[in-house]
Amino acid sequence: MPALGPPRSWSCQWLPFLILLLGRGQEPRVEGVTHYKTGDPVILYVNKVGPYHNPQETYHYYQLPVCCPEKIRHKSLSLGEVLDGDRMAESLYEIRFRENVEKRILCHMQLSSAQVEQLRQAIEELYYFEFVVDDLPIRGFVGYMEESGFLPHSHKIGLWTHLDFHLEFHGDRIIFANVSVRDVKPHSLDGLRPDEVLGLTHTYSVRWSETSVERRSDRRRGDDGGFFPRTLEIHWLSIINSMVLVFLLVGFVAVILMRVLRNDLARYNLDEETTSAGSGDDFDQGDNGWKIIHTDVFRFPPYRGLLCAVLGVGAQFLALGTGIIVMALLGMFNVHRHGAINSAAILLYALTCCISGYVSSHFYRQIGGERWVWNIILTTSLFSVPFFLTWSVVNSVHWANGSTQALPATTILLLLTVWLLVGFPLTVIGGIFGKNNASPFDAPCRTKNIAREIPPQPWYKSTLIHMTVGGFLPFSAISVELYYIFATVWGREQYTLYGILFFVFAILLSVGACISIALTYFQLSGEDYRWWWRSVLSVGSTGLFIFLYSVFYYARRSNMSGAVQTVEFFGYSLLTGYVFFLMLGTISFFSSLKFIRYIYVNLKMD
């Protein structure tokens, strides 16, 4: 919303949090439930406002012409909260534990025509506000808009000047908080002259009620009058359909491939015995298929340093994704704890950098790489550089529009410090261990000095067709769950089905491995030994399908609009597709490598 100016300054004390961040993956505080005595003050923090259909476009609440204290005191936030766009500040609302309030005056305001127009724009764009009481978010719309009739057409804009707060308690704890305007009449903003000053009086009420619910998580979904829709239901039928499809696919690939391999091995080994007992000529003559390229199949590929960096970073994200899902299964992410998953992801990314360094350097040394320092630099830059460039563009757009999603300088320095002091050193340490522990590449076949000529390949064995097949099948296995993930990340849902997510993640990796093995076998059967990069690209192309799905989701399944939301959505969707390319490309490569070792170890050769 262009009318909103730059956010007012706030103070965040981040240096002590660095130690806490490195020590734990959740927020640096307890469960978030405070114990009160009757009459104790309950602080209500104002947080942010933004368009309802653009979840990532948020602004500080006090950027609107609303009741504001003379001196704004901001709450000290955790890293995850800042990354989530939170900017909490104390409000003028006076709330005391278990003490009801009936229509108390909050403030009197005199609004200029420019301020009224700012509110009108916010209401027309369906701006909602978010307050926080005892770590419980409460949300409501800034105003009321009514469109009715075609001829004559009416367009009414109203501002909510009274808020009813409803809080539930159990013993000395707050269990639930909500805000309502059900019995309130909005103050009309229509028909004002350009030079007219609008006088407003903001009021509020507080109602307390006791509940038998002892914990916040015990409250049943749907009975809390939630502001955002709760349509995320258990979708077992769709998951079962995906499971049946996957099991049929994996079973088909396994059975057919094993039968074909058994016949190939029996025929090739019989031909070898016959040839050895006969003329003794080289068995390459008169033979065809994957056996004939045994002297080239382990020929090291070009750009081996880049290949090893892809494998290293892919292995890191496999560990990171598994760690996040396992932590979620263990209940470490409370929906009432702001930004817990953001803090955990940053911590795990920094700690798993040692995996990327180890895997990349270890395999690089195995396949004869000598420039291991350059390999480490390439590994640590393969994701961090694209991420930094994307984040720079997104953050600049947020900053130019005054959005709270723009990170403060202190937070940027903190993240940079974490990467410099934890992420990069662990990558180097992992690289050193990987280099020192690397043994020579154990190839079951000797490689000739002169590469064999590759015969012309039919169109259905081209790289593009392999990428299409290898990317679409894994994508089809997760397409159902992908909608719910997008609805959570880019919508208003709360995802809690982590068991299903873990199962779908395992299905994705299994399908990727099976498809990679099948495509690699078909490629080798055509006497094409350039499987190294092909195996990475074939299943790694799933990331491209995920990005294409994000384009479809933006256009057909969401109501997002505007430069701020669009830049962030497509910027981070590109990064998401890139991460899936690295993960699935790694799974695909090592599955193909293990399969190729297996078939050539079981092949009788002189």
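Note: Cβ is positioned from N, Cα and C throughout, glycine not excepted.
According to TrEMBL, the signal peptide annotation covers 1-25.
Look at TrEMBL and you will find 236-258 (among others) tagged as transmembrane segment.
Look at TrEMBL and you will find 306-333 (among others) tagged as transmembrane segment.
The feature transmembrane segment is assigned by TrEMBL to 339-360 (among others). Taking Cβ pairs closer than 8 Å, the transmembrane segment (339-360) reaches residues 21-22, 24-27, 78-84, 86, 308-309, 311-313, 315-316, 319-320, 323-324, 327-328, 332-333, 375-376, 379-380, 415, 418-419, 422-424, 426-434 in its own chain, all 6 or more past its ends.
Listed by sequence, the residues of this chain that lie at least six past the ends of the transmembrane segment (372-394) yet keep a Cβ under 8 A from its Cβ atoms are 305-306, 308-310, 312-313, 317, 353, 356-357, 360-361, 364-365, 419, 423-424, 427-428, 431, 435, 567-568, 571-572, 574-575, 578-579, 582. Residues annotated as transmembrane segment in TrEMBL: 372-394 (among others).
Annotation comment: TrEMBL describes 406-433 (among others) as transmembrane segment.
Under the heading transmembrane segment, TrEMBL lists 464-486 (among others).
Residues or ranges marked as transmembrane segment in TrEMBL: 498-519 (among others). Outside the transmembrane segment (498-519), and at least 6 residues removed from its termini, the chain residues within Cβ reach (under 8 Å) are 234-235, 239, 242-243, 246, 249-250, 253-254, 257, 318, 321-322, 325-326, 328-329, 466, 469-470, 473-474, 477-478, 481, 485, 534-535, 538-539, 542, 584, 587-589, 591-592, 595.
Positions annotated as transmembrane segment by TrEMBL: 531-555 (among others).
Annotation comment: TrEMBL describes 575-596 (among others) as transmembrane segment.
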**OP:** Using a Cβ cut-off of under 8 Å, list the residues of the same chain at least 6 residues beyond the transmembrane segment (575-596) that approach it.
**Re:** 297-298, 310-311, 313-315, 317-318, 321, 382-383, 386-387, 390, 470, 474, 508-509, 512-517, 520-521, 524, 531-532, 535-544, 546-547, 550
